[in-house]
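Pulled from TrEMBL:
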DOMAIN    9-120  domain 'ABC transmembrane type-1'
TRANSMEM  12-31  transmembrane segment
TRANSMEM  87-107  transmembrane segment
Amino acid sequence: EVRNEGNKYSLYFLLIGVACGAAMFFQWYMIGVAGEKLTKRVRALMFETVLRQEPGWFDRKENGIGAVCAKLSSDAANIQGASGHPIVVALNSVSTLLIAIVIALLIEWRLALVSMSIMP
């Protein structure tokens, strides 16, 4: 009977692990899709802005073809890098820490306070 209980809980943990893995994959995939859409939109807006410039704007050295192309690619890539994975990692870490603190306080508040006292 004890073995059956152990097997049952092992299966529960396995299912929870698979569900968490699938959720993490979905989360990272959707963040990637959102980052790509944001990058595409920013590039399109920047390109439209460049096209609306008067002809004299292109005569300046800092607004040459190479500089404009480099700016279009680097700025959009920087926005994608800043808006995607770093934000997800930070939010995931903070939410995990807060949930762990709440659970620890609910289970054994004295031990939780001792543990929180050594947190950075």
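Cβ atoms are placed via backbone N, Cα and C, with glycine included.
Keep in mind that TrEMBL annotations are predicted by a computer and have not been checked by a curator.
Taking H, G and I as helix, E and B as strand and the rest as coil, DSSP gives the domain 'ABC transmembrane type-1' (9-120) the counts 102 helix, 0 strand, 10 coil. Cβ atoms under 8 Å from those of the transmembrane segment (12-31) belong to residues 84-85, 88 of the same chain, restricted to positions at least 6 beyond its ends.
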